[in-house]
Amino acid sequence: MERVQQVHEQQQVAEGSPDSIAAVTRGPPAPQRPEAWREERTRSLEDNVQNLPSIVEAYTAILHGLGEDPDPMAMQFFTKGYQEKIMDVMNDAIFDEDHDEMVIVKDIDMFSMCEHHLVPFYGRVHIGYLPNKRVLGLSKLARIVEIYSRRLQVQERLTKQIAVAITEALQPSGVGVVVEATHMCMVMRGVQKMNSKTVTSTMLGVFREDPKTRDEFLTLIRT
């Protein structure tokens, strides 16, 4: 029967039937472009919140499949930033103060996890802001770094999230954030460059608009 069907299809092709030719010659669907998945990803906060349950379910299944406990305290520590809110961390540590000179906290240790390769990246964060009659408790700047680094991250987004969080909380005249990090995805795999560092920055307000203010910040974090 299968042989008869093949002969029938060959006859239709020989007769030049367009529909039949399309049916017989149609191959498998074209492969998706390697980068197409990026276009489908959503990066807004709302979408991330909606996607979180399915992400949790998927990783839980992977850990179960590997025979690992998905609920150890160490695992929760790596991603605890998803459960924390900036205003809870502030804890009434915003003070009215007639100070309008630059405030800098530099060399804040940072550890995070690359969302692309699930391996660590680590380094230092330098934060500066120009107060607008309000200052933030110094330790809270380090806590903001903790909130956003204890997640699956990319360094560029981490840098911007820290700067935006400080801006929204304090409404300062400007904010500057510089992150220097070593990525294990560049050390233990891929190009395997042991001494490479990635530096990212976000400048907002007067730090972006005024070159002198920006240069002062960049000079002070190097001293």
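Glycine is no exception: its Cβ is also placed from the backbone N, Cα and C atoms.
Predicted automatically and left uncurated, TrEMBL annotations should be read as such.
Worth saying up front: this structure is predicted, and the values here are computed from it rather than measured.
As recorded in TrEMBL, the features of this protein are as follows:
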DOMAIN    74-222  domain 'GTP cyclohydrolase I'
REGION    1-41  region 'Disordered'
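Across the domain 'GTP cyclohydrolase I' (74-222), DSSP classifies residues as 62 helix, 49 strand, 38 coil. Averaged across the domain 'GTP cyclohydrolase I' (74-222), the predicted model reaches a pLDDT of 91.
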